[in-house]
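As annotated by TrEMBL, domain 'NADH:quinone oxidoreductase/Mrp antiporter transmembrane' applies to 110-399. The transmembrane segment annotation in TrEMBL covers 6-25, 32-50, 62-82, 89-108, 114-134, 185-207, 219-242, 254-275, 284-302, 308-330, 386-404, 433-457 (among others).
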């Protein structure tokens, strides 16, 4: 336990050091990002000595792959930040990124609901700020941030209300006490409120409305954080709450139907909401709602490994899409789907990588998206959840329509020069390596998913 605390202390001191370097030394953008990545390497090195620290072997196994994932996502977000060409140098993003990572490790280390809540709120405050970053270049970013903050504040009140119910009728917020206590109706209501608060952070329907404006009006580096670190941390928190409370009351009577209802609603809203979208970032928001339904279906079976695996596969796929856009110097802020028709003239390899990512979202074999969907649907089938299997298959067929439309625009449509935002070749060669690695992960889907599940089961 002291080991994880040292990681948290290191992240806090690192973010403070970056703030001092930004204010006093006035380092340039690349130098500050380099310092931040060196600090992330140190966090990664510390993370390798985690074995035997956590008393719960299951959570310790998750800690391994979770730590590696969020550290890599944080470093990639720093790279996206360097790619932003903006006269207002917002260096504050770099320490905020480390604080976001700090919130994730606080959630991972938590042994009670209040510590878990504290970690989630650290991340939430960072996300509110990230949404409004570079507001001169994003005219509606401040409005989206205020909406996000207002709805997030309501969600915070609901979550705290649920925790207060649990404390009032159980006498403690420690997981060990809750798991062994006999919960009455009020305490069960408190757990349901906490779970609803976590569904809001996952942007699961019907608690997804904040996500649409936030995604559309955020910069690409903020978007990479929302799609990866924030979502995976929220899922980790939900797994911890479900796992620590499931033994003390009949979970399947209340919580499982909530997860199944939210999953089914997310399937429909994510599927049909994206049909009429022209803005690419708003399309990604609906795509996120659709994919989170598979995570919730896995949780409804209490298949925690499967849920975490699926969300990580979705996040890696989404990060590859953002990496391709950043490496092509695309004006992502005003990017419409029909603008993608020019990408093939800029770089055929990047158009190919983007096409692979889109096909993986559909679930075309043998890509990693197919493997992830197959494992979820197969688990539902063997557990007699036939209705969810049918809904998943039908909505996936509908989503194939607009995914294939993107493929059509990407490879077959002609473009009108005057309607296309600026494209160019990025000077950051590291992007090409990231694109190749991401495409390789997506192409070799079966083995990648099997390895991830093995890591989650046996640890790294």
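Using the three backbone atoms N, Cα and C, a Cβ is placed for every residue, glycine included.
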Legend entry - Interface check, the transmembrane segment (284-302) with the transmembrane segment (89-108), three or more C-beta pairs under 8 A: no
Inset, instruction - Between the transmembrane segment (6-25) and the stretches 89-108, 114-134, 185-207, 219-242, work out which stretch tops the count of Cβ pairs under 8 Å. - result: 89-108
Legend entry - Residues of the parent chain within Cβ reach of the transmembrane segment (185-207), under 8 Å, 6 or more residues beyond its termini: 113, 120, 124, 151-152, 155-156, 158-159, 161-166, 168-170, 230-231, 234-235, 237-238, 241-242, 245, 249, 254-255, 258, 262-263, 265-266, 268-270, 285, 288-289, 292-293, 295-296
Legend entry - Positions whose Cβ lies under 8 angstroms from the transmembrane segment (114-134), at least six residues beyond its ends: 84, 86, 88, 90, 92-93, 96-97, 99-100, 102-108, 141-142, 144-145, 148-149, 152, 156, 159-160, 163, 173, 198, 201, 214, 217-219, 221-222, 225-226, 229-230, 233-234, 237, 240-241
